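Q: Reproduced below are the annotations present in Swiss-Prot:
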type	residues	note
TOPO_DOM	1-23	topological domain 'Cytoplasmic'
MOD_RES	Met1	N-acetylmethionine
DOMAIN	20-173	domain 'MARVEL'
TRANSMEM	24-44	transmembrane segment
TOPO_DOM	45-71	topological domain 'Lumenal'
TRANSMEM	72-92	transmembrane segment
TOPO_DOM	93-103	topological domain 'Cytoplasmic'
TRANSMEM	104-124	transmembrane segment
TOPO_DOM	125-148	topological domain 'Lumenal'
TRANSMEM	149-169	transmembrane segment
TOPO_DOM	170-233	topological domain 'Cytoplasmic'
COMPBIAS	213-233	compositional bias 'Polar residues'
Amino acid sequence: MEGGAYGAGKAGGAFDPYTLVRQPHTILRVVSWLFSIVVFGSIVNEGYLNSASEGEEFCIYNRNPNACSYGVAVGVLAFLTCLLYLALDVYFPQISSVKDRKKAVLSDIGVSAFWAFLWFVGFCYLANQWQVSKPKDNPLNEGTDAARAAIAFSFFSIFTWAGQAVLAFQRYQIGADSALFSQDYMDPSQDSSMPYAPYVEPTGPDPAGMGGTYQQPANTFDTEPQGYQSQGY
């Protein structure tokens, strides 16, 4: 297959980790992976407080367990998704089929855009619940830094995932253009629909000394009728 299809070279080449880590979409995946760890790690470790009066834990975001559950779920799933697509980035240059590369890039566009939307919803949801939280529920301000960190990195994750979607779309455009060129281009020498070129008699010196004319071999059988020849006895 042609080199450069959908942002990668020819299949079967040696794995180059240096080239991999320099790719913008790979860098954004690693950053998104780290952001997801911060979000779900902050909520799991310090997002639940102990109630002295009730004797049970409650979510730091306005005592709304759905807010904490959403943040943890999105963070964990985004963490796994980043690992999946990082593995795809490693394997992508080995994909020899242009159609398979196209499917991988299209899935990258859809998944990245979907996660950007989920992080936007998560940011708005956590920020709203944090804003309406009652100070009396947490008089000692326990876990407030972790709660703010989860909100902040949810906001940052919107742009890292949106950036991945944009980069994947650019790779799709490059791949679509190269695939269109490879399908439309045809070597004229391989085109069977073109008429044969007329024969042109060479005008240069004749290396065989034939004088540029066709000569019948001496031993060729003569098919023309011959007259009767008398034979002497």
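Yeah, the Cβs are placed from backbone N, Cα and C, and that goes for glycine too.
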Q: Going through 24-44, 104-124, 149-169 one by one, which has the most CB pairs that fall under 8 Å from the transmembrane segment (72-92)?
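A: Ranking 24-44, 104-124, 149-169 by Cβ pairs under 8 Å to the transmembrane segment (72-92) puts 24-44 first.
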Q: With a Cβ cut-off under 8 Å, give me the same-chain residues at least six positions beyond the ends of the topological domain 'Lumenal' (125-148) that come close to it.
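A: For the topological domain 'Lumenal' (125-148), the nonlocal Cβ contacts are 42-43, 45-47, 49, 58, 60-64, 67, 70-71, 154.
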Q: Just to confirm my parser: what is the rounded mean pLDDT across the topological domain 'Lumenal' (45-71)?
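A: Residues in the topological domain 'Lumenal' (45-71) carry a mean pLDDT of 88 in this prediction.
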Q: Using DSSP, what is the helix/strand/coil residue split across the topological domain 'Lumenal' (45-71)?
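A: Counting residues per DSSP class in the topological domain 'Lumenal' (45-71), I get 9 helix, 6 strand, 12 coil.
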